[in-house]
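Below is one structure, written out as structure tokens; the observations come after it.
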Amino acid sequence: MNPEKDFAPLTPNIVRALNDKLYEKRKVAALEIEKLVREFVAQNNTVQIKHVIQTLSQEFALSQHPHSRKGGLIGLAACSIALGKDSGLYLKELIEPVLTCFNDADSRLRYYACEALYNIVKVARGAVLPHFNVLFDGLSKLAADPDPNVKSGSELLDRLLKDIVTESNKFDLVGFIPLLRERIYSNNQYARQFIISWILVLESVPDINLLDYLPEILDGLFQILGDNGKEIRKMCEVVLGEFLKETKKSPSSVKFAEMANILVIHCQTTDDLIQLTAMCWLREFIQLAGRVMLPYSSGILTAVLPCLAYDDRKRNIKEVASVCNQSLMKLVTPEDDEPDEPRPVVQKQAGPSPEDCAAKQEGAASGGPDGSCDSSFSSGISVFTPASAERAPVTLHLDGIVQVLNCHLSDTAIGMMTRIAVLKWLYHLYIKTPRKMSRHTDSLFPVLLQTLSDESDEVILKDLEVLAEIASSPAGQTDDPGPLDGPDLRVSHSELQAPIPGRAGLLNTPGTKGLECSPSTPTMNSYFYKFMINLLKRFSSERKLLEVRGAFIIRQLCLLLHAESIFHSMADILLREEDLTFASTMVHTLNTILLTSTELFQLRNQLKDLKTPESRNLFCCLYRSWCHKPVTTVSLCFLTQNYRHAYDLIQKFGDLEVTVDFLTEVDKLVQLIECPIFTYLRLQLLDVKSNPYLIKALYGLLMLLPQSSAFQLLSHRLQCVPNPELLQTEDGLKAAPKSQKADSPSIDYAELLQHFERVQKKHLEVRHQRSGRGDHLDRRVVL
């Protein structure tokens, strides 16, 4: 510094002392400056006051010499003390050079800057608020200062500034928020602590409504919640908890929509605390905002669905996610199936909603995951409409939702509970919005069919519920069930088509009586037939599925849909099956289900009497496919009391190739005759004269069997058939002989028998072709 330079009104002694390396001498100079400035204040000499401040700022505080800078800082503090209440007029000039020194490399100088600014602020009090942003910016940097003395000094200044803000009603929150939003993303532990402490202070001031600006800082708060320091995490939890309480107190002023995606992001983090807190916030948002959250459904489901498969280690997160999922599902109503004209949000007045937590973006937790997150979920969702969203149109856009559900269902690595939740969502959407969902059925159908191979029975049950709803929904009704097949109506698996009402079945000739396909059931739509076709294709390509789960799947479908339609359509489709081995296996499975399942009691009764055209039509349809298995065909005739035709069929068995499998099936049929299902048949043995063909058919089976346990069983049963003369009563002698049950005139049994012969001939040809290929291969090996 040039000693000859004029620093008036500062005296040479003051200048010399300010530049001294000793603190005591600089302090003496500061007292002289204070005295000098007081005189200028008394004289109202603002020109000289400004000159003194400018000199101390430019020539000392911003000097290149460290001792000069220290002198300038203490001098500026002295000016502020001397100015007293008038210091507010000169705050910009007083504060700026001091803040510049906050960045000094010398830690002692940074400490003196803190001390100087403390004195300036202490004198000015509320007058410093217009300069709050620059003060906050400087303090936020010092909060992370490595020097403990500097940090201690900054904490004193920080407390003073907080006191001033708390007692003032002139704080410029609007101007401060951009700075807070920027600083909140600091990764420094101390800077984060500083930020959180200020948010806590601002939240506690009644005149400051920080909730309006929560969307600006919520993401940053969740970032801080993931800090490694326990103390900082706890502070952040407290802050988020306070915000959540305010949200529940004043939901009408909360900008739910602006924060929804923030929560969705943090619900997907790997940090348990962040995820739990974000999930708790999301739960409260869904319950408080109601349909306002619907546009964010796809994101919410992306975050929530994987959590439903968590184990007990993350039970809290799983429970809260489950409530979120249920609450969101309840927001979808039948009105959402109307044309895409946005509906205004309905505002409900509601009582206090259950206590909970908050969260967002990468992390998860805050708002007290301990107690508040465990609150019970009330069945009635309290819905408040935010002021900003009042009367705002809310339309349910299914594209994103269905895409998320489809993605999760297609992911084989996803947990069972998540898959079940996805299927529940799909079922709910098909129930509430069938018209809109029908547009997505083509994309969903393949993955729903694939899900039938799931390892979990519960998943398969839910999957079948969805498929059944698709198959029976009026929204999927079309007039064209599919293209016709070729002249013989036989196609490969990849070309299976839906049966066409009125068209003849496999090997059927024009004009054949009783062999027409029955009309489709009115309650079923085109997807029903597509479902049946693809289900059989799946059974054909995955024989393990048919073996392990086939009966289970078909029985459940009979409960969910119309059993007659299922058997009718499958029988029609099997007529077009080229793989005769699969057709035989499938017929055997269907016959076993028909004869043994309690779910089909009503259908068995319908077939037993053949009193209606529908039942006779069904019998003919089943018969044509049942012909793939001779013994099952006989069992169908027994079920429908067509004993004469059963006897005629058994007579044809002499022309068939009798194999071990064939005899095993006869054995099983004999065992089945002894079951409760055929109680009526056994009772009819008492009326020998009316049922001669039943007895002849049973004797025919007996003659087919070798001397086995089944032979003994049936033989003993037939031995119990009474002598008709012994049963003759006096009234019976007078009465005309009772004829057996008359064959239905609408069924051409001769044609049915011819059909049976044709099918069996086809089976024989296929077996011979296979054996021929086998012999040819054997000869090649020998050669």
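Glycine residues also receive a Cβ, built from the backbone N, Cα and C atoms like all the rest.
Keep in mind that what you see is a predicted model, and the values were worked out from it rather than measured.
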Q. Of 484-488, 689-693, 739-743, 774-778, which range does Swiss-Prot call region 'Mediates interaction with the PDZ domain of NOS1'?
A. 774-778
Q: Work out the three-state DSSP category of Thr11 (phosphothreonine).
A: coil
Q: List the residues of the same chain that sit at least 6 positions away from Thr11 (phosphothreonine) in sequence and have their Cβ under 8 Å from its Cβ, in sequence order, or write 'none'.
A: Glu32
Q | Mean per-residue pLDDT computed across the region 'Mediates interaction with the PDZ domain of NOS1' (774-778) | A | 50
Q) How does the repeat 'HEAT 5' (439-476) divide up by DSSP, counting helix, then strand, then coil residues? A) 32 helix, 0 strand, 6 coil
Q | Secondary structure tally of the repeat 'HEAT 6' (561-599) (DSSP, helix then strand then coil) | A | 31 helix, 1 strand, 7 coil
